[in-house]
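Visitor: Please find one structure pasted underneath; my questions will follow.
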Amino acid sequence: MSSSQHATSSARSGTAHSPARSWRWSVSDIVVASVLAVASGVIFWGWNLSYHLIGNLFVFYPPVETLVHGMWLFPAVLGALVIRKPGAAIYCEMVAAAVSALLGSQWGLTVLSSGFMQGLGAELIFLAVAYRRFSLEFAMLAGAASGLTGGITYHWIVPMYAYAPVETAIHISCFALSGAIIAGIIPWLATRGLAAASVLGPLASRRAHREPRLSLGRSRG
């Protein structure tokens with residue numbers, strides 16, 4: 001085989017086996033992730049202010065109050081779905097937590113620990129599929145994982161609750177369920193909506209609205 005043929009063959013081989021996109025963050029990725037995270041932090045702040053009223057809805061059985069805690073998890077899943085590169089879930093959740101702390105949070109700087117752990121839960125799910133699966137079931141799984149790590153944080157890393165074992169299990173399970181629904185479904189719908197509105201042009205998620213809703217059982221091709 002001649003050198004030119006070898007080069008051509010190598011190029012074709014490289015094209016066939018190289019990843020379709022780079023995991024390196026672009027300027028657009030950083031800007032969009034930061035905007036999403038800051039906006040989410042403002043939402044956190046508003047949610048924090050109203051939470052003492054919302055929490056009263058669960059006075060009959062406090063362990064189930066985490067059914068609404070998914071509101072503190074959505075930036076992690078939203079960031080991962082929009083940016084589609086490693087670190088997006090942790091980055092967006094951490095920045096959102098920091099913004100809410102700067103604006104004023106009754107939990108002070110402990111929200112940074114919570115933000116990291118909650119972002120980590122979602123991050124691990126997307127890393128497990130090499131940041132290549134963004135359908136509804138993976139968004140919900142990431143939200144649930146974020147709730148699971150958030151619950152672990154609340155009980156053992158930055159303890160805020162002292163429930164009996166059964167109540168602790170219910171508390172964390174409700175957190176994961178809330179994560180799957182609030183932090184899974186809503187960010188997935190939001191990402192598709194943003195893509196349909198053509199505001200994600202430079203990002204890997206720009207065609208999210210055309211992707212299959214579910215991917216389990218489909219060929220990886």
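Including glycine, each Cβ sits where the backbone N, Cα and C put it.
Bear in mind that the values here come from a model prediction, so they are computed numbers and not experimental data.
Feature annotation from TrEMBL assigns transmembrane segment to 27-47, 67-83, 90-109, 115-131, 138-157, 169-190.
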Visitor: Near the transmembrane segment (138-157), which same-chain residues lie under 8 Å Cβ to Cβ, leaving out any that are not at least 6 residues past its ends?
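Guide: Sequence-distant neighbours of the transmembrane segment (138-157): 66, 69-70, 72-74, 76-77, 80-81, 89, 93, 113-114, 117-122, 124-126, 129, 163, 168, 171-172, 175-185, 187-188, 215.
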Visitor: For the transmembrane segment (27-47), which partner among 90-109, 115-131, 169-190 gives the most CB pairs under 8 Å?
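Guide: Checked against 90-109, 115-131, 169-190; highest Cβ contact count belongs to 90-109.
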Visitor: State the non-local partners of the transmembrane segment (90-109) in its own chain: residues 6+ outside its ends, Cβ under 8 Å from one of its Cβ atoms.
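Guide: For the transmembrane segment (90-109), the far contacts come to 33-34, 36-38, 40-45, 48, 73, 75-76, 78-80, 83, 115-116, 118-120, 122-123, 146, 160.
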